[in-house]
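Peer 1: According to Swiss-Prot, the active site annotation covers HIS220, CYS276. What Swiss-Prot lists as compositional bias 'Low complexity' is 1-14, 29-59. Under the heading compositional bias 'Pro residues', Swiss-Prot lists 60-70. Residues or ranges marked as region 'Disordered' in Swiss-Prot: 1-70. Here Swiss-Prot flags 29-131 as region 'Prion domain (PrD)'.
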Amino acid sequence: MYPGSGRYTYNNAGGNNGYQRPMAPPPNQQYGQQYGQQYEQQYGQQYGQQNDQQFSQQYAPPPGPPPMAYNRPVYPPPQFQQEQAKAQLSNGYNNPNVNASNMYGPPQNMSLPPPQTQTIQGTDQPYQYSQCTGRRKALIIGINYIGSKNQLRGCINDAHNIFNFLTNGYGYSSDDIVILTDDQNDLVRVPTRANMIRAMQWLVKDAQPNDSLFLHYSGHGGQTEDLDGDEEDGMDDVIYPVDFETQGPIIDDEMHDIMVKPLQQGVRLTALFDSCHSGTVLDLPYTYSTKGIIKEPNIWKDVGQDGLQAAISYATGNRAALIGSLGSIFKTVKGGMGNNVDRERVRQIKFSAADVVMLSGSKDNQTSADAVEDGQNTGAMSHAFIKVMTLQPQQSYLSLLQNMRKELAGKYSQKPQLSSSHPIDVNLQFIM
């Protein structure tokens, strides 16, 4: 949902005139200092000097003075403990009586991505799957919009859950992970627009073939009018930093320019967006259906699917999902009429030889749920991803998409999406 209406949101601070360091000590030293040490050394002192100029002309923030104070509420943020998280992910995760293979068995005839350079059929455009054997870096962003009337409850929990997921099972070191959340005292780690952009630049800086980069965003998302003609629905997808009211959102074109364009062939970026209207939030040119084929826009098919979901939600008494499905139908029809986008031209422009894969929480015309799962506030998409990958780590691209949709079906109207920077064989093993 769109997070902003009115100016007086954060503690009725009006224009906010800036960020002040809170008087109290950090609420949780476990996450305050230990991760992303290189990031701290590289950007902690000279934040904003190097790469701001690169994007300031094309993506200028709104006019007016920058904010001066961020008065964070005095109540503590959601508490998170590693042991608690393992138990809360699912009542059956570590239960020996639960047979994970019965729920999400490994796909048949699954193979690892080939190391050789590939070529798009009928063209000379090369691309390369990453083997994910090089350096690992991650950027994790969770924004609850604390103290605002648009406050979310599960995004900071999502950030810490993803942190533990990466460090416990996928070889990511805390020294190479940056977490931005709006419950922190360290101003470098508050998810302002400037901090988020610089952290994105840090994530992809000096990446080499077979490196594995991971981006997770949990927070508000929305849409704004598309000005460069690259969107089928006429709308750009955006995400909202904590200071979006004064500094503006971050649009999909900008994130593509920062995190996709600079990557070399063979560099892996796995992006997970748990936000509304996030289907094409990285502007990747290839989107895949649950049948494993590249999707082409078909608004009437989407309307039919949303209508079926609405009927199921009505029959089960799920009012929130019913409203979401009906809203999705309206946005699909409204956005799909009268747009004539040169799809092949857009694919050529947005293509990347790097190995960029995105899992998003919903279609461009859908909202994503702030949910309660296993007794914990969480984003529905983040919870589904961790649950599926924990129960069965050996997933193909296709089975991962299908199983995440199964996790959300019936409870939520949103449909997770899979997109990529180049054509992918969806039957290959999903690695990161």
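Just so you know, glycine gets a Cβ as well, placed from its N, Cα and C.
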Peer 1: For HIS220 (active site) and CYS276 (active site), what Cα-Cα distance in Å is obtained after rounding to a whole number?
Peer 2: 6
Peer 1: Using DSSP reduced to three states, classify HIS220 (active site) as helix, strand or coil.
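Peer 2: Going by the DSSP assignment, HIS220 (active site) belongs to neither helix nor strand, so it counts as coil.
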Peer 1: Please name the residue among the active-site residues HIS220, CYS276 whose C-beta has the most neighbouring C-beta atoms within 10 angstroms.
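Peer 2: That would be CYS276, with the highest Cβ count within 10 Å.
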